[in-house]
């Protein structure tokens with residue numbers, strides 16, 4: 001009874017501590033750490049998911065807690081000062097949550113309206129792969145390459161974002177497929193040869209998920 | 001212009017490379033020397049008389065900084081990453097010379113990011129290899145006086161520079177720099193390969209590379225452990241030299 005009472009109190013204390021907001025938690029990976037081998041090693045997947053993504057979540061929760069406190073005190077200066085931490089850690093959480101779903105050991109192939117759009121906007125699937133790969137490889141420093149959907153123009157577009165800047169908040173594009181080229185995403189396996197990683201990641205692209213996002217964006 | 005690592009890209013063969021010592025026939029040697037001479041003139045002409053940048057030698061073996069920085073990291077960092085910045089800088093400068101010759105200002109402007117990224121990468125890493133040493137001594141003399149004045153103590157400097165460097169979002173460098181106008185030491189951070197002096201005016205004294213390639217193979221995601229450890233291989237002799245040169 002005592003344990004149950006403590007358990008029932010804990011989430012309420014947590015809720016109270018951050019003004020009723022739920023803390024973010026690490027989403028489960030939809031597959032084992034080794035499922036994407038040999039394209040992405042189990043060692044990378046484990047570090048990337050359980051350390052890097054977890055850290056963004058921890059730091060996002062801290063930043064949101066500070067944001068709630070600052071808002072409660074009408075401390076606008078602190079609210080503004082928290083923006084980089086919110087963008088970096090919030091973006092990191094958003095981006096990686098998409099990434100785990102964007103990848104799969106058996107993600108199928110593009111089809112239907114998405115394939116039609118790919119052929120229309122990039123000439124062919126190979127055209128998309130080559131353009132997105134080139135743009136992603138060329139990112140200076142850390143960042144992400146994206147296939148996005150422009151809802152206003154109703155077209156697919158390629159974009160790159162630095163660091164953890166989230167695609168939609170930064171560009172308005174709806175994220176469909178992202179390629180993480182922070183060195184932690186590939187270095188243990190590919191070392192400095194980013195192009196090999198980017199070219200290989202297409203083998204584990206989860207077209208079922210990409211199609212789902214494309215349909216949801218219509 | 002691609003700024004990504006490309007192991008296939010290699011710098012043009014140095015025309016200064018000595019003809020193979022195994023050539024014994026005089027006329028073969030002369031023919032080789034003649035073609036090497038023309039080759040160097042062609043290279044010079046191709047980049048309008050500018051010398052191509054080359055990879056500076058490491059002042060120590062790849063394993064010399066162990067256990068702080070592994071030999072594997074040092075080898076990749078020096079022979080792959082730094083080399084790639086140099087290769088891409090040479091390409092960008094060649095394109096710049098061509099664009100200038102044609103008065104193509106649009107291309108000159110378009111080349112700026114590649115020049116900053118690869119030029120900055122070359123500048124930063126050239127400083128970095130000298131900033132590190134297996135036996136770099138300790139700060140002393142006027143530099144130590146300045147450290148105590150501007151940071152309270154050497155520990156104060158270490159703790160502030162480490163904190164600022166660990167906090168860099170994404171790739172970048174933490175720097176101890178010298179402000180020549182105010183005659184004080186200052187800490188600064190720069191994103192990506194933005195070079196300290198061109199970006200802030202500060203004279204670079206000691207830089208800490210926190211691109212993940214600088215530490216990941218050994219420290220994984222634990223950047224703070226790497227940054228805390230790198231002080232053990234800080235080359236204070238080199239830092240003092242830079243400080244003195246900046247006065």
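Each position is counted from 1, following the chain as shown.
Placed from the backbone N, Cα and C atoms, the Cβ positions cover glycine too.
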**Study point:** Annotated stretch (region 'Disordered', per TrEMBL) among the listed ranges B:1-22, B:23-44
**Key:** B:1-22
Practice item. Check TrEMBL: it lists B:77, B:209, B:213 as binding Mn(2+). Then name which of B:122, B:125 it lists for that same site. Key: B:125
Review point. So which other residues, same chain and not among B:77, B:125, B:209, B:213, have a Cβ within 8 Å of the centroid of the Cβ atoms at the Mn(2+) site?
Key: B:78, B:81, B:82, B:128, B:211, B:214
Review point. Do the binding-site residues B:77, B:125, B:209, B:213 include any whose Cβ comes within less than 8 Å of a Cβ in chain A, and which?
Key: B:213
Practice item. Over the span of the domain 'Manganese/iron superoxide dismutase C-terminal' (B:139-239), count residues by DSSP class, listing helix, strand and coil in order. Key: 51 helix, 24 strand, 26 coil
Revision key, fill the gap. In this structure, the one of the binding-site residues B:77, B:125, B:213 whose CB has the fewest other CB atoms within 10 Å is B:213
